[in-house]
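Database features, via TrEMBL:
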type	residues	note
COMPBIAS	1-18	compositional bias 'Acidic residues'
REGION	1-76	region 'Disordered'
COMPBIAS	52-68	compositional bias 'Low complexity'
DOMAIN	79-184	domain 'Polyphosphate kinase N-terminal'
BINDING	Asn117, Tyr547, Arg643, His671	ATP binding site
DOMAIN	195-375	domain 'Polyphosphate kinase middle'
DOMAIN	410-575	domain 'Polyphosphate kinase C-terminal'
BINDING	Arg454, Arg484	Mg(2+) binding site
ACT_SITE	His514	active site, phosphohistidine intermediate
DOMAIN	582-744	domain 'Polyphosphate kinase C-terminal'
REGION	735-793	region 'Disordered'
COMPBIAS	744-767	compositional bias 'Basic and acidic residues'
COMPBIAS	781-793	compositional bias 'Acidic residues'
Amino acid sequence: MTDAGESPDSEPEPDSEAEAPGATAEDAGAGSDPPSEADAPGTVTLGPDTWAAATERPPRTPATAAEPPDGPFDDERWYLNRELSQLNFQWRVLYEALDERTPTLERLRFLAILSRNLDEFFMKRIGGLKQQIDAGITATTVDGRAPEPQWAAALEEATALFETQSDCFRSAVRPALADAGIGIVDPADLSAGDRQRLADYFQSSVLPTLTPLTFDPAHPFPFISNLSLSLAVITRGDDGTEWFSRIKVPANLPRLVAVDAPGTAVEGTAPPARYVPMERLIAANLDAVFPSVEVVHWTTFRVTRNAEVRRNEDVAEGLIEQIEERLRQRRFATVVRLEIGADAEDRVYDLLVDQLDVTEAEVISRPGPLALRDFDVLCDIDCPAEKPEPWAPQQHPRFATLDPDRPAELFEALREADALVHHPYHTFEGTVQSFLDAAAHDADTLAIKAAIYRTAPDSRVLRSLIDAAKNGKQVAVMVELKARFDEENNLRWVKRLEEEGIHVAYGSIGLKTHSKVALAVRQEGDDVRTYSHVATGNYHSETAKGYVDLGLFTADRDIGQDIVQLFNSFTGHARQRSYRKLLVAPETLRERLYELIERERAHAAAGREGRIVAKMNALEDPGVVEKLYEAGAAGVDIDLFVRDICRLRPGVEGATETIRVHSIVGRFLEHSRIFRFGNDGDPDHFVGSADWMTRNLDRRVEAVTPVEDPELQAELDAILETMLADNRRRWLMRPDGSYVQQRPGDEPIRDTHQELMDRVRSREPDGTRPPAHGPPRDPDIDLDEVYTDTNEP
């Protein structure tokens, strides 16, 4: 499961030279002080040497750009660099671990999240840049930077992140865990009895799995698999001859070994508890691995390989064969990062650099442990005092009283009114899964269609579709085989679905299908009705527990017919070019977004109210950014919640001062997309799968739906108002690309995630139509009024 700070949908398109990642350190300000005129008084910039002070003063992430220009909005200096913007998001993730207000095990979880995020950043973005450099590509991005300087700047900034992460773990989180009775210890610090217990476990359970591979004239340098953790060991024979050997730390054994009960699971264990990292257990027993020789030196290392394997979808071979070949190629791809222990001897360092064919810039040398992503298993320890308050998603009132043995009830309820569900506040199983189960077992359901981008390995969603096929329904499923890092899981499901006689489409040539839509078609008397689900998140029951997503259930005939046409384009040859209500990429979404932004600009230019409030994962498309600049210059009041990448520079005096960019990072991953256009008091609301990125608008199949029910519009407004009032999780972007976290000061704490949990939990599921998502509208926040941030530093 991807956790609260991760970026599950941030992968680039590998065949796009125009999206070459990065910026120069000099031009972009990576690792340097921001321009003094943009400094935020009373803040401290995050970094290896200053992070501790950020626990006392509002933190500020590093700047990513210098002074904005005075010229037109097509000037490259108006656009922030994508790679440094994404790394800036990682600083905000890291701050959750740096922040002493965060419970200790939650701090550890954010360190693990950052570790996973940076692994993906190197595999996708750094890998893509290196591929372009090797191909001799010099084309620049919209911010005017070529691949090589972007690569250098991104490596510099990532190195600062690693240094701060390591320092945070060693200086703050590990000691705090020890204070809570959770020790991460070294065998050398244990009693003789503890060491013997661990040695017995090593002999019986670990040693048989190890395969030391020696590098010498008779043995080639061993293959090092992607993201594998290894020990580099130097041994010496009686004659003085020395050998280099590699030992892979087994991935199928626990990374953290319980001192008091080796081999037992962490989950449910209560403090006090002590754990030895597996690599240190192996190191303590190297004499058993290398008998009859002297162990001279050992250290840990880890490699990351490029995941950007280019593909040509126009060739004759089938898409399944292409994906399988891509997975094979990825295994042996170029190394883009070498992590190595800071204690490594020069000869080990030099040998690994030479044999793995990396430059020194691609080497990250730091104190262990490496791969902190594995340490979040400790978050399963039974230690409530060191965790956030537990949260169990609640049942949505509209679904609470439905009888699962009478599936027709669900469709009757949707005929009465649309329903908006908000995960993880509302349960996925009790809403989305209930919809699919009802359709699978309802006698009047004729057909079910669903588009799957990512789903669980043991997906109840797909098992419901299999049940539907067995019950005689016509079932069609669009499974996107090109979903990054989910290819193998999706391939397995495609084969299973086809074995069950289900019609399966694999996606469109040249496009990824990223839309999240499902449709049930029912016979109702002489009529055929459609019931639709259009969502911002995947049909994945596990991620629905930690991702913030929205889903609209509707019996609207136009939306249903649009989804029918969308699926026809998946399974047939002809593409639909127009739709009744849905905004569909790449056909209609970009054009309609431009029209909606232009309408707000025209309102403002005519002296009427122009207002845009939008929430998304990333804002990267230059065309959309320029349209927003033009609207802001005309006086449109704009609030943008952008979790991750943002190329737009807000708050520039005399140009973009009516535009504000916010980012919320907390216990849940903000993944929903909400677009609200004020229209001079008669607003339009939309939710859907698309971020405002070039890939989403032009190279993906996306679906965005209008939300027309006034009560559901009020729910969306209440969500956005809550986010605007947040003074605990919200960061505000400054013109230089840095972010400052908002602080409550003397005001009550306003935490978006906590407030939405409290609101949903306080409702009694009485079966009546729920009120708006929150309590009465906050009198201090009105989406139709100009919003002034009172916490601006």
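Residue numbering: from 1, along the chain as shown.
For all residues, glycine too, the Cβ spot is worked out from N, Cα and C.
Because the structure is a prediction, the values reported are computed rather than measured.
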Nonlocal neighbours by CB distance (under 8 Å) for Arg643 (ATP binding site), same chain, sequence gap 6 or more: Phe89, Met616, Asn617, Ala618, Ser663, Ile664, Val665, Leu669, Glu670, His671
Helix, strand or coil at Tyr547 (ATP binding site) [DSSP, three-state]: strand
Residue among binding-site residues Asn117, Arg454, Tyr547 with Cα closest to the Cα of the residue listed as 'active site, phosphohistidine intermediate': Arg454
PLDDT averaged over the residues of the domain 'Polyphosphate kinase C-terminal' (410-575): 91
Longest CA-CA distance among Asn117, Tyr547, Arg643, His671, per record bound to ATP, angstrom: 15
Fewest other Cβ within 10 angstroms of its own Cβ, chosen from the recorded positions Arg454, His514, His671: Arg454
DSSP residue counts for the compositional bias 'Basic and acidic residues' (744-767), split into helix, strand and coil: 10 helix, 0 strand, 14 coil
In three-state DSSP terms, the structure that Arg643 (ATP binding site) belongs to: coil
Count of other CB atoms lying within 10 Å of the CB belonging to Tyr547 (ATP binding site): 25
Structural state census, the domain 'Polyphosphate kinase N-terminal' (79-184) (DSSP three-state): 81 helix, 3 strand, 22 coil
Surrounding CB atoms that lie within 10 Å of the CB of Asn117 (ATP binding site), all protein chains: 25
